[in-house]
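J.: This is the feature table in TrEMBL:
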BINDING   17, 74, 75  Ca(2+) binding site
BINDING   360, 365, 540, 662  Fe cation binding site
DOMAIN    2-114  domain 'PLAT'
DOMAIN    114-662  domain 'Lipoxygenase'
SITE      99  site 'Essential for stabilizing binding to COTL1'
């Protein structure tokens with residue numbers, strides 16, 4: 001009993017406010033009180049009211065709210081509600097961060113994270129069960145294509161739950177940038193439609209102003225072997241390179257190549273031989289674009305790491321050997337310049353395919369979607385792991401639906417201009433699913449497995465490891481607040497269901513690839529949750545941010561190839577130009593790369609989310625320390641980059657997005 005001070009916070013996005021009245025109830029451990037006053041929430045504002053409550057409520061558990069309307073339901077985006085009790089009582093926060101629609105009653109639990117074991121009286125048990133029951137109706141598993149990991153059910157944006165949709169500022173920016181990209185494409189097409197491209201410099205006609213300094217560097221230096229090798233370490237796709245443990249069996253040396261074999265074996269013995277193997281592309285059916293056959297290769301590149309840190313290619317094999325056929329040619333840096341350049345173009349085109357489909361779409365977007373759907377189905381909003389991970393799932397479902405209905409859909413961008421389009425991209429995703437191992441999502445394990453630990457010129461490896469460690473300490477800080485023993489972990493049914501849902505259902509038997517089906521200790525929880533957050537933040541950033549730098553100069557990353565891989569060493573400039581994308585294909589590649597790869601104006605950096613899902617000083621202190629460590633890493637990377645000829649920024653915390661949102 002006494003005077004209560006209630007505040008409502010409304011989101012700042014367009015249409016977040018509501019013309020409907022909002023009615024509130026306070027629910028305490030010993031009673032419930034309906035508040036007589038009704039409120040009109042205004043966009044971007046806090047609404048405050050003071051109410052005298054005659055009943056004794058005890059410690060507050062919930063705020064219940066109902067939005068009433070007469071003629072029109074006007075949705076309201078509620079950030080949070082706070083209540084301060086009589087006298088100098090503490091202010092209690094009830095996080096919401098969702099749309100309130102219709103006229104049903106919504107219950108918001110007090111913001112302290114609680115596992116089932118931390119609620120021995122069962123005060124929140126009914127709420128947990130009812131919330132998850134409703135969520136499982138909204139968030140259902142779907143299967144975009146047979147043989148792939150699962151996704152959220154629904155084929156169009158309107159099928160998504162309203163809380164997964166872009167807010168207005170994000171939607172307007174995304175759609176405006178798409179419109180600009182299409183307008184630029186139309187202009188470039190009209191300017192080049194009657195022009196025949198004869199020289200590599202002709203690609204500059206579509207390389208317009210507004211490109212990054214690194215993109216301009218790529219344009220000017222893309223033929224250099226050092227830049228070619230650098231991309232395997234720190235380019236758009238740093239996920240393929242590995243240190244060689246032996247010479248690959250597919251590498252067949254024709255007569256006269258004994259010296260090359262000896263050189264490779266010498267590098268192998270010295271631990272400086274690396275490889276990038278694109279065998280996953282072998283046998284994938286290439287696209288047919290406007291009745292014109294496109295082509296794919298499955299290259300192998302062997303590279304040597306020099307004492308100065310440069311990674312230089314030693315040999316390129318474009319196809320795997322086949323029984324009954326002569327061994328495929330081995331292309332060397334000593335070959336005629338156009339022959340060697342064409343071989344490197346084939347590698348870069350193959351890297352484009354694996355990067356966009358395996359590293360980016362599958363391992364970034366679709367993996368994050370599995371985590372998102374399982375989280376919404378299995379963890380109630382009061383669970384500490386839900387509160388910890390939910391900021392890193394923002395906008396993921398919508399951006400993925402947009403990808404499935406625009407980029408990789410029937411007659412989408414891949415079908416129009418990419419050599420794996422027309423069905424090959426789906427088969428490649430199926431194959432790549434077999435390589436979704438638990439260890440490959442955890443940089444300490446992945447980098448050790450690929451032999452990249454200690455490679456001083458692999459800035460990706462250094463920064464990924466540092467960011468993983470910072471996220472791990474953040475997760476560890478929250479986990480230690482709620483799980484005092486390993487037994488508490490084992491006895492948390494919601495946590496175990498969540499883990500099993502990700503592995504067995506979302507990943508379609510991920511236990512066969514090392515993913516856990518249960519979590520038996522606090523350390524296992526920390527490792528698994530860190531994997532989830534790192535995948536949605538740093539890992540996605542590392543394969544997303546580089547697109548604008550490395551893919552806008554089309555010859556460096558051709559989306560398609562229009563002639564078969566060479567089997568002889570007589571290539572000319574005419575051969576190279578006839579193989580690379582035509583002007584329309586190149587223009588569309590540039591337009592899409594700009595739209596998706598540009599720095600996003602509506603962007604939240606990792607750890608900088610404004611939403612406060614946790615109440616209490618302890619979790620806030622953990623988040624504060626997390627942000628301090630991120631800031632320190634950001635400064636370290638800035639200082640390091642100032643000394644580098646080519647700065648590496650794709651894992652710089654101020655540029656890493658907090659979720660897979662683009």
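Using the three backbone atoms N, Cα and C, a Cβ is placed for every residue, glycine included.
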J.: Validating a neighbour-count step here. Other CB atoms within 10 A of the CB of residue 99 (site 'Essential for stabilizing binding to COTL1'): how many?
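T.: Residue 99 (site 'Essential for stabilizing binding to COTL1'): 18 neighbouring Cβ atoms within 10 Å.
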J.: To see if you understand the setup: which same-chain residues, six or more apart in sequence, place their Cβ under 8 Å from that of residue 662 (Fe cation binding site)?
T.: 174, 399, 544, 596, 600, 603
J.: Within 8 Å of the centroid of the Cβ atoms of 17, 74, 75, which other residues of that chain place their own Cβ, given that this set defines the recorded Ca(2+) site?
T.: 15, 16, 18, 19, 20, 41, 76, 77
J.: Looking only at the domain 'PLAT' (2-114), how are its residues distributed among DSSP helix, strand and coil?
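T.: Residue counts for the domain 'PLAT' (2-114) by secondary structure: 0 helix, 66 strand, 47 coil.
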J.: Counting across all protein chains present, how many other Cβ atoms fall within 10 Å of the Cβ of residue 360 (Fe cation binding site)?
T.: 24
J.: Which residues, in sequence order, are found in the same chain with Cβ within 8 Å of the centroid defined by the Cβ atoms of 360, 365, 540, 662 at the Fe cation site, excluding those residues themselves?
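T.: Going along the sequence, the neighbours appear as 361, 364, 368, 399, 543, 544, 660.
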J.: Tell me, roughly as an integer, the mean pLDDT over the domain 'PLAT' (2-114).
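T.: Mean pLDDT, the domain 'PLAT' (2-114): 92.
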J.: Counting across all protein chains shown, how many other Cβ atoms sit within 10 Å of the Cβ of residue 17 (Ca(2+) binding site)?
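T.: Residue 17 (Ca(2+) binding site): 21 neighbouring Cβ atoms within 10 Å.
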J.: Rounded to a whole number, how many Å is the Cα of residue 17 (Ca(2+) binding site) away from the Cα of residue 99 (site 'Essential for stabilizing binding to COTL1')?
T.: 10
J.: Taking just the CA atoms, what is the gap between residue 540 (Fe cation binding site) and residue 99 (site 'Essential for stabilizing binding to COTL1') in Å?
T.: 27
J.: Which one is it, among the recorded positions 74, 75, 99, that lies nearest to residue 365 (Fe cation binding site) by Cα separation?
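T.: Given the candidates 74, 75, 99, the nearest one is 99.
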J.: Of 365, 540, which of the binding-site residues has the most Cβ neighbours inside 10 Å?
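T.: Selected residue: 540.
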J.: Roughly how many Å separate the Cα of residue 75 (Ca(2+) binding site) from that of residue 99 (site 'Essential for stabilizing binding to COTL1'), to the nearest whole number?
T.: 6
J.: What are the non-local neighbours of residue 74 (Ca(2+) binding site), defined as same-chain residues 6+ apart in sequence with CB under 8 A from its CB?
T.: 18, 19, 20
J.: Would you count the other C-beta atoms found within 10 angstroms of the C-beta of residue 75 (Ca(2+) binding site) for me?
T.: 15
